[in-house]
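Asker: As listed in TrEMBL for this protein:
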TRANSMEM  B:6-27  transmembrane segment
TRANSMEM  B:52-73  transmembrane segment
TRANSMEM  B:121-139  transmembrane segment
TRANSMEM  B:159-177  transmembrane segment
TRANSMEM  B:189-209  transmembrane segment
TRANSMEM  B:247-269  transmembrane segment
TRANSMEM  B:281-306  transmembrane segment
TRANSMEM  B:340-366  transmembrane segment
TRANSMEM  B:387-407  transmembrane segment
TRANSMEM  B:413-434  transmembrane segment
TRANSMEM  B:446-467  transmembrane segment
TRANSMEM  B:487-505  transmembrane segment
Amino acid sequence: MGAAAADVYLEVQRSAAFQEVRRRYRKFVVPASVAFFAWYVGYVVTATTVPELMARPVAGAVNVAMVAGLGQFLSTFLLTWAYARHARLRRDRAALEVRWDTQELTRGMSGSGS
Amino acid sequence: MTGEHQTLALLLFSVFVAITLGITTWVSRNRRGSAEEFYAGGRLFSPMENGFAIAGDYMSAASFLGVTGLIALFGYDGLLYVVGFLVAWLVVLFLVAELVRNCGRFTLADVVAARMRERPVRIAAGTSSVTVSVLYLVAQMVGAGSLVALLLGGTSDAARAWTVIGVGALMVIYVSLGGMRATTWIQIVKAVLLLGGTIALTALVLMRFHGDLNRLLLTAAERSGHGAAFLAPGLKYGGDWTARFDFISLGLALVLGTAGLPHILSRFYTVPTARAARRSVVWAVGLIGGFYLMTIVLGFGAAAILGPDAVRGSNAAGNTAVPLLALDLGGGAGSTGGTVLFAIVAAVAFATILAVVAGITLASSASVAHDLYASLRRRGGKPRSEVAVARIAAVGVGAVAIALGLLARDLNVAFLVGLAFAVAASANLPVLLYSLFWRGFTTRGAVWAVYGGLVPAVVLVVLSPVVSGSPDSLFPGLDLQYFPLQNPGLVSIPLGFLAGWLGTVTSAEVPDEVKHAETEVRSLTGAGAA
């Protein structure tokens, strides 16, 4: 790839269209990652350091620990679904447009087919 | 476990081997031998196929047999362990899968090397990837040997040694002849078998309790002898503070390590687009989550139906809980149903090990050929075809794994899986995340991040109680123990991130803005993706 083609990426990176894609990606991923990581570390630390709290009964055989453990499964499924939906509705189309534009520009610059 | 079980289990297992060898020959019938074909299976798998293959790569015999046994013996603490294996997929989904698919071609090093001076970065990332793979591989090989001894009663040393050799030979054949395409189909077949077996057993357990989960848990707690404590944390990872910190360390390694496992990363290159990579992770989360939920039912089911004494009596670590449960659910020892179910479970466990080792062997042969050989071979020497090197590397990795598997076959290597995750989290994840998200990251930072995670992780394990200084150590006679925890993650993961940061701020190199722009634009849009 020539120097000119490389400049295309700088130009695209500064474009409003790309920055919008990046902003949407980060706006979902950063808070969601902080949330699930804190929730998981909190769960593991609580289970290992204050097991008495986790042993409190809720209903029948079910105690706080069971609710928290199954809650981890549930939150993982929900976040997976939410991420996929957000990406499909808010990011895919815009990203694809930037991709075609970028590839048009690099093709024009380098003159070859790659 | 009598002769009847053995014959049927061996028969079913032979059928699986025949089918997988058939797949391998079918796939390699008119191979073009391109790197694209060998490492990435032509990149044309569908998200559903790849999702099943990811699940197949990830659900090891250790989870199927080990986790259920852990729950059967220690109750809730087994569940605590399992949660980390699933939550880890959020790291993969949010931060890694799509971006890696967009920027890389075959390996982890591709992503990092795109921004940096290629040679040192490839050597570092290649070394740590091969280390992770070999650790994981040895654990699986030794596990295969013990599994034969457990399930077929062939406790003789020779039987275990031949199992290790046989498993090693088969994985080399799959990988070197069939490449990624054969490996992927083997994973898919295995995932379907494993899920099918697990669903059947779970249904039988639930039927035994008429669908009443509450009664299942209460019976398990009662028969365990621990009462309500069986349903709360603390039986295994409670106790002194060392044990508690050890579990926190393991939990961190599991959650952060999955995204750095080379054989998982290489799966994202087998689909055409980043969108397909995302959808395959969504499939994988569904399949893996469902599988672990069922293993929890099976674990508590084993405690309730068999009781921990019967489980412990057969194998102290609880690894035979599922096969014993199958025998009981089918109608007990001597009944046809029991024999058939037992044989199915044994065959599925073998299939699981074979598929997992094939996936790891392929990923490490890619690291050897694509990263290490390409960087280290003599300049000016006649370049060999990369695929030829990769095939030879698969044979080499197989030979090393067989040799280490034979050497370690009497040792308790359960810690190796946790260690492989810890090395992946300490050496691979920091460099990957910094390359994708940090504008100012430099070559020195990348090299330091890898070695700054890899070296402490390995050194801390050598100095830990798993190697020496306690009766359960590998070398009980020696005393080199200076580090109290069995899993190094709690220390080595922060060190990996710290070293990457330190290397970057101390290097004189000016970060290449253009290359960063290229990585960022490509990772988020897929422009110029392979």
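Residue numbers in this text run from 1 along the chain shown.
Heads up, the Cβ atoms here are built off N, Cα and C, so glycines get one too.
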Asker: Is it true that the transmembrane segment (B:413-434) and the transmembrane segment (B:159-177) have 3 or more Cβ pairs under 8 Å, skipping pairs fewer than 6 apart in sequence?
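Answerer: Checked: the transmembrane segment (B:413-434) vs the transmembrane segment (B:159-177), no contact.
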Asker: Of the stretches B:121-139, B:159-177, B:189-209, B:387-407, which racks up the most C-beta pairs under 8 Å with the transmembrane segment (B:6-27)?
Answerer: B:159-177
Asker: Where, among B:159-177, B:247-269, B:281-306, B:487-505, do we find the most CB pairs under 8 A to the transmembrane segment (B:121-139)?
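Answerer: Looking at each of B:159-177, B:247-269, B:281-306, B:487-505 in turn, the most contacts to the transmembrane segment (B:121-139) are made by B:247-269.
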Asker: Find the member of B:247-269, B:340-366, B:446-467 that has more C-beta pairs under 8 Å to the transmembrane segment (B:487-505) than any other listed stretch.
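Answerer: Looking only at B:247-269, B:340-366, B:446-467, the most contacts with the transmembrane segment (B:487-505) come from B:446-467.
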Asker: Any chance the transmembrane segment (B:281-306) and the transmembrane segment (B:52-73) have 3 or more Cβ pairs under 8 A, given the pairs are 6 or more apart in sequence?
Answerer: yes
Asker: Six or more residues out from either end of the transmembrane segment (B:247-269), which same-chain residues have a Cβ under 8 Å from its Cβ atoms?
Answerer: 39-40, 43, 50, 53-54, 57-58, 80-81, 84-85, 87-89, 91-92, 95-97, 100-101, 104-108, 129, 132-133, 136, 180, 237, 277, 280, 359-360, 362-364, 366-367, 418, 420-425, 427-429, 432, 485-491, 493, 530
Asker: Do at least three C-beta pairs under 8 angstroms join the transmembrane segment (B:189-209) to the transmembrane segment (B:387-407), pairs 6 or more apart in sequence?
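Answerer: Counting Cβ pairs under 8 Å (6 or more apart in sequence), the transmembrane segment (B:189-209) does not reach the transmembrane segment (B:387-407), since there are fewer than 3.
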Asker: Counting only residues 6+ away from its ends, which parts of the chain sit with a Cβ under 8 Å from the transmembrane segment (B:52-73)?
Answerer: 45, 79, 81-82, 85, 139-140, 143-144, 147, 184, 186-192, 194-195, 198, 236, 258, 263-264, 267, 270, 280-281, 283-284, 287-288, 291-292, 295-296, 298-300, 302-303, 306, 308, 311-312, 315, 317-323, 325, 348-349, 352-353, 355-356, 359, 414, 417
